[in-house]
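Trainee: This structure is in structure tokens; I'll ask about it shortly.
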């Protein structure tokens, strides 16, 4: 969706190299940087062509260089190109919920047009320092392992690390569900350079788990914006901004707490690198664009809390060749407030969510922010699990009987803690048959303190598996006893 000015400014295409389009405009009527240019007409075969480009460079001699947001197939030199007089605009507001959009804000889900008068440009300045909410506030998710060990910051940015099949999508959907029910918030998902199949699977899973209400889209809790792997680099580079623009409207105008998911932030950087090379810029370290820090900063600095509302962002991060010093993840890490690492080992044990309690980190886990009680409980849980991890080699070689009484007690409690970190999800009800549970932070801390203090040493460890709060674990133990 592109805005147009009343006085039409028309130029002519002079050169096309892949997704890069050069155009000449009349003297004194040059388009601004980031303006959307529109090409509409017929190609040599008589088929309709409609392409939107974004101005990236003013070359001199009345020439501009733009990057196309879709395929340039069918474009020829001499075709008319119109300056819309404004950046790319996308629809915003309640009408976007339950729908899938492309980079231009056009619906691509065969559900008909989007009826909204509200649109916003994808290029905007980050909020002013004076408008920011700088008080560190914990964002309660209702997921025990996250709230206790890697608390999310309201308006913070969290990196989600995990391979295929360990539960990234399910955690994302549960967060979307919980924020909608318990915070009155909404979510926006930006699929940046993701596989078309994955995007389709996510959409269908969200319909199945009622995150998207196919019968009444107004009751949906999420808007989806996709720029898939087969799209030109311009679209993949800008789709994150389109998703962010929709999220900003919910924060600034509707004054809501918003969850913004970006999958994958590495592909955003990769697309920027491709565009940079196409524009003839000298590559920087490892072939990345020289503007890497600026590109990432422009996106990340707009994701923040203001006095009106917050955007809390969960970003999937791919690490090339597991090299954390690669410029792409290294630049991203500088902006993150926490990391949630998913473990295949835990997933293989059937412990879901498979969040690694020892590898995951958060800047919020400080006594001065979360309080002494929360901090001490979290550290005690981690030290118990760490000791259990150290003892596993001895157990594997010599057996449990060779451990001291104290170590046996640690192993017993650690196994209970490990199982109590699991939790039934609302969005997984249709698959597991177990009703989902939202656990408050207060109940989470209370439960783990009781396990570590030894109050529940007489309960079997099965009682702690896939339950909500500690009262439910006690009830399950009673039921197991009767059976």
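Using the three backbone atoms N, Cα and C, a Cβ is placed for every residue, glycine included.
Since the structure is predicted, the reported quantities are computational estimates derived from the model, not experimental observations.
Quick paste from Swiss-Prot:
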BINDING   162, 163, 164, 165, 166, 167, 168, 169  ATP binding site
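For each listed feature, how buried is it and what is near it?
Mentor: Other C-beta atoms found within 10 angstroms of the C-beta of residue 168 (ATP binding site) number 21, with every protein chain shown included.
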Trainee: Quick check on the binding-site residues 164, 166: which one has the highest count of other Cβ atoms within 10 Å of its Cβ?
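Mentor: When each Cβ's neighbours within 10 Å are tallied, 166 tops the list.
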Trainee: Could you check what DSSP calls residue 165 (ATP binding site) once collapsed to helix, strand or coil?
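Mentor: In three-state terms, residue 165 (ATP binding site) counts as coil.
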Trainee: For the recorded ATP site, whose residues are 162, 163, 164, 165, 166, 167, 168, 169, find every other residue on that chain with a C-beta no more than 8 angstroms from the centre of their C-beta atoms, and list them by sequence position.
Mentor: 342, 347, 354
